[in-house]
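A.B. asks: Can you read through this structure? Questions will come right after.
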């Protein structure tokens, strides 16, 4: 049906011993009830942590240093830690109610709580969120490698800077090669655990960016060319006060990974490890987030841009500045390439669940698997290359879908309390999640609409 419906949940504590129920039907009534891989002994703890961490750390990491500019280091870091704990609580809701209802997927959980339309709504949100995220990733990769033009000004890409302007390092050709040579092969794996090595490399590339940032900041700190960063927000009037809330959407969506939790849980050799996996991944990502935010803001101060990657397009004022800039940009583009299949995995499962909810598991139908994979990759490629305003559209829909997946749906399931296991504390926390998510979404929509209106009435459309 939807996320992670390809592995059995019964007797999963040790997957090495198989159990056959002689009374089980020969064909499943729904995809949720189907078994999976006969020769797969279960995913490891480390592989699960890397896969979940890669799901979390996408493009949003580049927006976090700018939140420090608005909130100050103390409040900004406190908010990063707070959102990690809140995300852990929302995932705990998902897992607890999934266990109670014997649901092996996020969609199955929503179906148990709210019926057919709850499941469909969840699947649509995953499609909107993940297609939007992957299109944005592809646009960023094209910008980094091949350059971009905005308001009549051309920003050279890495390949253009190295080799000059040629047909083979143009945006469309580079993205065709990337899609056929990297995205498509990695999208063909039928188990999410098969991506554990690319996920580990993806996390390592994020750490490379962090190490370079830390190194540059320390060098400039020793030489006395950086100022002490602001610790608290600078609130001088009502406008600056309202500006504090513009960073809420960035922080609220920083840890969204809920659509992959069931897939990872279903493949674990020991299902009791999922809670430690979640907490380890959140701790790892929180550490990366905090250090990136701290040293990024320390390095650039009030000149920190909304996307800190843009700061690495200028002279850093140290030896080998150009080389370090290119290293940051290339490592970031490579990181996004390896995040792509992790985000694509639940997208394909939910598309299949939406179109073929009562068919056998997707992994057991090569034709369906190949057609859905090829179709989605083609849609993402066309969206990134030939629909100029698609980024603007997904700024609105993506913000709504992300907060639904991360907080509104888990909270709604808890408040629905279909299995009567929610405590009063759970319900209060769930209500807080919904209020925070709705507020965050309202701020995001207002900010995006205002920025879009200002851009259209001023400099002109994005080239």
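Here the Cβ of each residue, glycine as well, is placed from N, Cα and C on the backbone.
These came from TrEMBL, pasted as-is:
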- 1-25: region 'Disordered' (REGION)
- 40-64: transmembrane segment (TRANSMEM)
- 43-447: domain 'Amino acid transporter transmembrane' (DOMAIN)
- 70-95: transmembrane segment (TRANSMEM)
- 120-141: transmembrane segment (TRANSMEM)
- 172-189: transmembrane segment (TRANSMEM)
- 201-222: transmembrane segment (TRANSMEM)
- 242-261: transmembrane segment (TRANSMEM)
- 281-300: transmembrane segment (TRANSMEM)
- 330-347: transmembrane segment (TRANSMEM)
- 368-387: transmembrane segment (TRANSMEM)
- 393-416: transmembrane segment (TRANSMEM)
- 428-447: transmembrane segment (TRANSMEM)
A.B. asks: So which residues does the transmembrane segment (242-261) touch in its own chain, when a touch means Cβ under 8 Å and the partner is 6 or more beyond its ends?
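C.D. replies: Long-range Cβ neighbours of the transmembrane segment (242-261): 3-4, 51-52, 55-56, 60, 63-64, 66-67, 70-71, 76, 79-80, 83-84, 87, 90-91, 94-95, 106, 126, 129-130, 192, 233, 235, 274, 278, 281-282, 285, 289, 342, 345-346, 350, 399, 402-403, 405-407, 409-410, 436-437, 439-441, 443-444, 447.
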A.B. asks: Could you name the stretch, out of 40-64, 70-95, 281-300, 330-347, 368-387, with the greatest number of CB pairs under 8 A to the transmembrane segment (172-189)?
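C.D. replies: Highest pair count goes to 330-347.
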A.B. asks: Would you call the transmembrane segment (428-447) and the transmembrane segment (70-95) in contact, using three or more Cβ pairs under 8 Å, pairs 6 or more apart in sequence?
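C.D. replies: With 3 or more qualifying Cβ pairs, these stretches touch.
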A.B. asks: Test of understanding: applying the rule of at least three C-beta pairs under 8 Å (pairs 6 or more apart in sequence), is the transmembrane segment (368-387) touching the transmembrane segment (40-64)?
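C.D. replies: Contact criterion not met.
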A.B. asks: What stretch in 120-141, 201-222, 281-300, 368-387 has the biggest tally of Cβ pairs under 8 Å against the transmembrane segment (70-95)?
C.D. replies: 281-300
A.B. asks: Looking at 120-141, 281-300, 330-347, 368-387, 393-416, which one has the highest count of Cβ pairs under 8 angstroms to the transmembrane segment (201-222)?
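C.D. replies: By the under-8 Å Cβ criterion, the transmembrane segment (201-222) pairs most with 281-300.
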A.B. asks: Count, for each of 281-300, 368-387, 393-416, the Cβ pairs lying under 8 Å from the transmembrane segment (330-347), and report the range with the highest count.
C.D. replies: 368-387
